[in-house]
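Engineer: Sharing a structure here in structure tokens format.
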């Protein structure tokens, strides 16, 4: 469900020989997390201001940051030609309901899509400009945030490899808002990780010397925006509720990693991913004190009810490590999607 609340004031100015039609909009578009949304923008037709309709015009959409040096290009379109940029690639389209419609259609809305968007329509020496705010609604506690380090060890991921690492674990890179909610829920982690906005942060509930010192109170420690290609950190991933069944596969013998994968396949499933284990643990109270292989080559076990010899101090997903995949020392966790 999308609702609009708006009030429009249109002014006309002359900047040199360019006619500019700037609209100051108090427009807010609401969308639910994961939905599609249309952000409105319409060319003023020639009957109103003497400006031709969209045919032959160039349309540019920009996501506007508080510091405009961090603005993000979303889309540029002209006629049948359309170019989208970075994280909007494949998700941003022009609606084109009619010849005056330059509205932006965004799919698979995430929390980081929230903010101000600028629509610019160019026709010769004439320009129209509109700004609209998108607010994303959704229960940030629907999923689970978890820290992830690759098999090669901590601080080995640039931003692109961090995005890929989360995808391979059945998750996406967490947003600032999602990490903040996880911290409010008790997440404490001393390794810095990428977030979806390109910043690097980590959550501390118990201030201590090795983790930003004791003089700072609890909160999110931030390194700010880092070089997405050159900087190396861990990543915070976000996994949504499961749509299938996560389970321990009962086997008579311990397995190598390859045997573990094949055992899940033989059971009509696949070897589980790290994000699936975290979702089952956090959202379904899954608890088992058996170390098992996961898809990334790690061995972990989820403890929801702390007890002696099984994470006695806290509920957690425990990491045994990334052992030699040829070792026959562990069982396996599988995941079977609902039919």
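For all residues, glycine too, the Cβ spot is worked out from N, Cα and C.
Grabbed the feature section from TrEMBL, which reads as follows:
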- 190-211: disulfide bond (DISULFID)
- 289-310: disulfide bond (DISULFID)
- 34-135: domain 'Ig-like' (DOMAIN)
- 144-239: domain 'Link' (DOMAIN)
- 244-336: domain 'Link' (DOMAIN)
- 206-225: region 'Disordered' (REGION)
- 1-19: signal peptide (SIGNAL)
Engineer: Taking only same-chain residues 6+ apart in sequence, whose CB is under 8 Å from that of residue 289 (disulfide bond), what do you get?
Structural biologist: 301, 303, 307, 309, 310
Engineer: Let's check the environment of residue 211 (disulfide bond): how many other CB atoms sit within 10 Å of its CB?
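Structural biologist: There are 18 of them.
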Engineer: Pop the mean pLDDT for the domain 'Link' (244-336) in here, whole number is fine.
Structural biologist: 96
Engineer: For the domain 'Link' (144-239), what are the DSSP-based totals of helix, strand and coil residues?
Structural biologist: 19 helix, 30 strand, 47 coil
Engineer: Report the DSSP secondary-structure composition of the domain 'Ig-like' (34-135) as helix, strand and coil residue counts.
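Structural biologist: Breakdown, helix to coil: 13 helix, 48 strand, 41 coil.
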